[in-house]
Amino acid sequence: MCGLGEMATWLPMPSGFTGYAARFCDPALGFAIGWTYWFKYIIVTPNQLTAGALVISFWIDTKQVNAGVWVTVFLMLIVSINYFGVRFFGEFKFWLSSFKATMVSATFAYLSTELVSVTISKAENPRKTIPRAIKLTFFQILFFYMISILLVGTLVPYNHPKLVFATKKSSSAAASPFVVAIELAGIPILPHILSACILLFVFSAANSDLYIATHTIYGLAREGKAPAIFARTDHHSIPVYALIISSCFSCLAYMNVSSDSKTVFKYFVDLVTIFGLLTWISMLVTHIHFVRARRVQHVSDSSIVYKTPFGVAGSYFALVFCCVIALTKSYDVFTHNKNWGRFNYKSFITAYLGIPAYLCLIFGYKLVTRCKGVKPEKADLWSGKDEIDREELAYLARKAMEESTRRRGNWVYETFVAWLF
């Protein structure tokens, strides 16, 4: 994410990291990362809808009300919110973000932190706001995730019988170690409050995911890498056809009607994780090529607005780390288990399907277009930069005039409260 921030502050692009990959590394990589990112979010949206149905089962058993009912309610709400546009989306996500805490898998929890690049074109003065957003996103997740795990670890014994039983339950909120911790504390009403907070978080996440999926396919269509119909907008400038196609894939959540919700959730998590890791790998490769191009074209480090804390070495380390995780994250499918024998083919497909799909996108695009990788000395680091520089100067001048009239209350909010959201 830091490497993405370095590129975004040098040259903010509406196309985000897909544009950087095509411009600094290889057009085929830009094509592949764009479609991979869309695949990720058309899967993660029904995944969040499934999670919402699981949480509601804490109050209402699926035998009483089918999970498909709650999927329908959530789906209609998030489609409506996304149709009203990015302004309402931003305000909605702003207020619900305070409920975000932690997720089941560590890798899965950190996915989507690259959301900042999707909203670059919507940000005011991205050279200032993007670095701040990147830093705060990292510390928000680190703070809430680590503190939550620490507190649960100190409150719930590792061998508590309810934990062993909870892992076998088909419900979600009832199986949470947070709920076990609350029950051990003897607070009767708090489990319901916690479940409500989780439900709000899931709803906010589903809304965000549908927004990203819509704008990803919209951006691909504008670049000529997806059918042109998805680039059309209505009179409110909403990419309605992109929203429709992305929403249609959310209907995968109706698998809950005929299958166990917990099993469906696991399949979705596996698919989302591999697509997310491939996205990260592509970003790291792009950042490495960006640094190479800067050095070959003699762009000094002092001209970079935001530099990654560990430089290109950090990107190399993260690249190796992500590749290892992508290849070994589901090694247990090859181990013997009484439930599936010596090989779990269903989990294998969902865990590794993204890798051949990703490679097919890259080499298929190269085969059709005959494109070649971008050499460092020919990478376009400058087109559009002058316009960004002028916009930044105008913004700074306007903010300087507003600074003298800013109320003290705003300063207190921005300093002590805004970082939470």
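For all residues, glycine too, the Cβ spot is worked out from N, Cα and C.
Curation plays no part in TrEMBL annotations; they are all automatic predictions.
The domain 'Amino acid permease/ SLC12A' annotation in TrEMBL covers 98-372.
The transmembrane segment annotation in TrEMBL covers 38-60 (among others). Sequence-distant contacts of the transmembrane segment (38-60) (same chain, at least 6 residues past either end, Cβ-Cβ under 8 Å): 67, 70-71, 74-75, 78, 111-112, 170-174, 191-192, 195, 198-199, 202-203, 205-206, 209-210, 212-213, 216-217, 220, 246, 249-253, 255-256, 261-262, 264-265, 268-269, 271-272, 275-276, 279, 354, 357.
Non-local neighbours of the transmembrane segment (67-86) in the same chain are 45-46, 49-50, 52-54, 56-57, 92, 119, 122, 203, 206-207, 210-211, 214, 236-238, 240, 243, 247, 250-251, 253-254, 256-257, 261; each lies 6+ residues outside the stretch with a CB under 8 Å from one of its CB atoms. The transmembrane segment annotation in TrEMBL covers 67-86 (among others).
Annotation comment: TrEMBL describes 92-112 (among others) as transmembrane segment.
What TrEMBL records for 133-158 (among others) is transmembrane segment.
Marked as transmembrane segment by TrEMBL: 178-203 (among others).
Annotation source TrEMBL lists transmembrane segment at 238-255 (among others).
As annotated by TrEMBL, transmembrane segment applies to 267-290 (among others).
Annotation comment: TrEMBL describes 310-328 (among others) as transmembrane segment.
Summarising the annotation, TrEMBL assigns transmembrane segment to 348-368 (among others). Using a Cβ-Cβ cut-off under 8 Å and counting only residues 6 or more beyond its ends in the same chain, the transmembrane segment (348-368) has close neighbours at 26-29, 31-32, 35-36, 39, 267, 270-271, 273-275, 277-278, 326, 329-330, 333.
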